[in-house]
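Sequence annotations record features per position, and here TrEMBL assigns signal peptide to 1-21. Here TrEMBL flags 72-143 as domain 'PA'. As annotated by TrEMBL, transmembrane segment applies to 170-188, 216-240, 246-268, 289-306, 312-329, 341-361, 402-422, 434-457, 463-480.
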Amino acid sequence: MRAAGLLWVALWGLLLPPVTAHEGILHASGSGVSPVTKDYCIIYNSNWVSLPQSLDNATFRSLENLTSTVLCNSSEVPSGLMKDKAVVVMRGNCTFLEKARIAQSSGAKVLLVASKTKLSPLSDNKTGFEDVTLPVALIRYNDIVDMQLTLGNEVNVTLYSPPLPEFDCSMVVIFLIAVFTVALGGYWSGVAELENLKAVASPGERETRRKKEENVTFTPVTVILFVVICCVMLVLLYFFYKWLVYVIISVFCLASAMSLYNCLAALIGKIPFGQCRISCCNKNIEVRLIFLAAFCIAAAVVWAVFRNEDRWAWILQDILGVAFCLNFIKTLKMPNFKSCVILLGLLLLYDVFFVFITPFITKNGASIMVEVAAGPFGNSEKLPVVIRVPRLEYSASTLCDLPFSLLGFGDIIVPGLLVAYCRRFDVQTSSSSIYYISCTIAYAVGMVLTFIVLALMKMGQPALLYLVPCTLITSSLVAWRRKEMKKFWKGSNYQVGWRP
């Protein structure tokens, strides 16, 4: 199971931007003494028309529901039905601008085109349609149905596009979760290393410790093999996403349940109460661990069933995700700094290639990493390889495709392995946690730098592009300053030479 989880731990080392281009809001108001209002996502082309940035002095138009037609011919609508109204029609074979010209000639003031498929940018060429001046926007057909059910048949609407927030406070939560997970995972790895050293010093405890030891060591060869497998898996996901996504979801449920059990069992093991046991299959098992296993399995099953419930399922996903990252950082051991450099360097190239280079290779000019992260071809199922937090700043993106701030597990686990190695090296050399603290601070600085670039460039960022240099350079400088680079590069004699 650990090997299966490793196949996709670095599949998404991507931090997505807070909003996509040309998103806006349709503000709808129902009739009545106390009118009910509701906002809906729209997609428009800012090169065709500019929408107001707020509802101040907004002009509301009565909505005319003509979803029984596609408005590709002016004879489809009775004369005078559209005058001074916002009209909604279905998407058809003709272009948006052809529909807009017909609607404008009939006196309409706003044209909404309802789509039953995923909303996509309006990219028609306006050459030859310079006379079209009314706002044109794409809206989900399900939102039109919801509008009628919620607000009634008499609905007034207006369109606006609020300015994009430069920074969303949810990113602070993402930052705290990431730094906490990396720091705690590294510390836990150091505790395990200290127990190993004690076991080596006490021959009587060596056999007991060997039975408990579950660590896996990455050699340079296995590091290269791991990166190759990541590349193959990402390409397979790009072409066979709608089938493989359920494999990834299944793996996540099983791996996260096991990880949550390992994390909580480590805490429960420190409690000296409730240690009653039962005999089963010639083994004595603590009753509390049986209940703990049932709880962890139930948590994973509940998430799997309600994973698309945006109101609260993200909390459970984040808890399972943090446990997953902690368990991997603690369990997967880097034998020396050399292996860390190879792993982080190759995954940095992997991230940059699949984000920035693949758009020049794919037919649609899209990044393979971004396509897989968003779900190719409008697939509603998303890969559960992210920490996600709801956006706290209201904008069009909260109504459209990205109501959450996201950070991939790979951006936590991969630098976390270096932090864990630094912590174990501190334990082995009794260096007062200088490597561990320095590398953790460097990770935090790298995260801040990633957020700054994300806010400035407004496009998905491979976070490892900033995290890898910060952590590797800092660790190298500390080792060089302490004149321990040779030992830090090759690892301690205990870790390289001793085998349990």
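The count begins at 1 with the first shown residue.
From the backbone N, Cα and C atoms, a Cβ is placed for every residue, glycine too.
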DSSP-assigned states of the domain 'PA' (72-143) in counts, ordered helix, strand, coil: 16 helix, 16 strand, 40 coil
Sequence-remote partners of the transmembrane segment (463-480) [C-beta within less than 8 Å, at least six residues beyond its ends]: 13-15, 337, 340-341, 344-345, 347-348, 351-352, 407-408, 410-411, 414-415, 418-419, 422, 434-435, 438-439, 441-443, 445-447, 449-450, 453, 488-489
Highest-contact recorded stretch vs the transmembrane segment (341-361), from 170-188, 312-329, 402-422, 434-457, CB pairs under 8 Å: 402-422
Of 170-188, 312-329, 402-422, whichever stretch has the most CB pairs under 8 A to the transmembrane segment (434-457): 170-188
The domain 'PA' (72-143) [mean pLDDT, rounded to integer]: 85
